[in-house]
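The substrate binding site annotation in TrEMBL covers K66, K90, S344. Per TrEMBL, the feature active site, proton donor maps to K102. As annotated by TrEMBL, site 'Important for catalysis' applies to D142. What TrEMBL lists as NAD(+) binding site is T185, N216.
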Amino acid sequence: MNALAATSRNFRSAARLLGLDSKIEKSLLIPFREIKVECTIPKDDGSLVSYVGFRVQHDNARGPMKGGIRYHPEVDPDEVNALAQLMTWKTAVADIPYGGAKGGIGCNPGELSKSELERLTRVFTQKIHDLIGIHTDVPAPDMGTNAQTMAWILDEYSKFHGHSPAVVTGKPIDLGGSLGREAATGRGVVFATEALLAEYGKSVKDLRFVIQGFGNVGSWAARLIHESGGKIVAISDISGAIKNPNGIDIPELLKHKESTGSLLNFAGGDAMDPAELLVHECDVLIPCALGGVLNRENAASVKAKFIVEAANHPTDPEADEILSKKGVVILPDIYANAGGVTVSYFEWVQNIQGFMWDEDKVNDELKRYMTRAFHNIKGMCKTHDCNLRMGAFTLGVNRVARATLLRGWEA
């Protein structure tokens, strides 16, 4: 099931549990605005090339819309629509005053030079500058984009609207980016995991973890779990997978990956089949890479007692049912990976106030938001007698529905 179908299905289940009226249900699903623009740029050799850029602005009942911009050859309108909708529920679950958006350009950033990427970003910004803004829609980096991309958007936007650091988040620190932003999603995953384990009288210390993905989110989660005394017994990324029943030395693995670009041939672990990773013996499984990795083929073989969804949509609905029947507790993506957007919110707040925080304050506030959101989700689980995924969806959807009704938009 693709991301849009799965998100819509979860939304409809939540709407039924909440007893939402069909009119408001329909108005919550339909995006506020969909933007599609043509971006034509000269390449370095002088030839002209066109790319299609778009932005789906899903909902602004609770505040400005918020979401990433991805540069990828398969930027697909359906997927972007699903991710924009997911951002609406995610910001509501975290209780930050935003709605959801998502966007992108259908291009292969690896085939473009830095100057071509800059020209493309600036043309895209020129086309959408009057539809984004500090109190309208605040983009952030996503797949294929980074802090530099945000710096170009900020600069181009400021040519039209004056100095506006709060128009994007995930910026370089030198242009008003927040300390702690780089580690935020991974750190949020660990705070979410701690909140979940505390419910069961457990802590990160001495539990066995398996992490799929060793990019930004996976590597930060691994580093922080290792620091807290958790044992990471297997880990994988695009280059392969390694295991060590006594726990992998994460600082050493980070050094190894930096020098070789790969996890393979690491002295502190044995190579394993990446397909075996998800069903490896452990207490907590953290998928941090792609969507749809837990499906009906492998769900029955999963040995973890807890799954923390650091990736977007890693568990297919069919796998969800199989795992629930086995008694596996799943912490859903719309809560577990909300650390990134929460610290983006802190960055926006700092930019608007013109007053920057130190890193300890950022991390303390992140912990407060993640812990509070977990307790709010548990409250919805009790009210509606449902699992954590439905607890999170009912929490998010209910907050957006309430804001919509209070504004008088339901007609």
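Cβ atoms are placed via backbone N, Cα and C, with glycine included.
You'll find the Cα of D142 (site 'Important for catalysis') roughly 16 Å from the Cα of K90 (substrate binding site). For K102 (active site, proton donor), the nearest neighbour among the listed binding-site residues (K66, K90, T185, N216, S344), judged by C-alpha distance, is K66.
Long-range neighbours of S344 (substrate binding site) (same chain, six or more residues apart, CB within less than 8 Å of its CB): K66, V138, A140, T169, G170, S178, R181, A184.
Within 10 Å of its Cβ, the residue among the binding-site residues T185, N216 with the fewest other Cβ atoms is N216. Take the CB of K90 (substrate binding site) and look out to 10 A: across all protein chains shown you find 29 other CB atoms.
For the pair N216 (NAD(+) binding site) and K90 (substrate binding site), the C-alpha distance works out to 20 angstrom. Cβ-based neighbour count (10 Å, all protein chains) for D142 (site 'Important for catalysis') stands at 22. Between the CA atoms of K90 (substrate binding site) and T185 (NAD(+) binding site) there is a gap of 13 Å.
Per the record's binding annotation for substrate, residues K66, K90, S344 show a top Cα-Cα distance of 13 Å. Surrounding the centroid of the Cβ atoms of K66, K90, S344, where the record places substrate, the chain contributes additional residues within 8 Å, namely G67, M87, T91, A94, I96, Y98, G100, A140, A338, G340, V341, T342, Y345.
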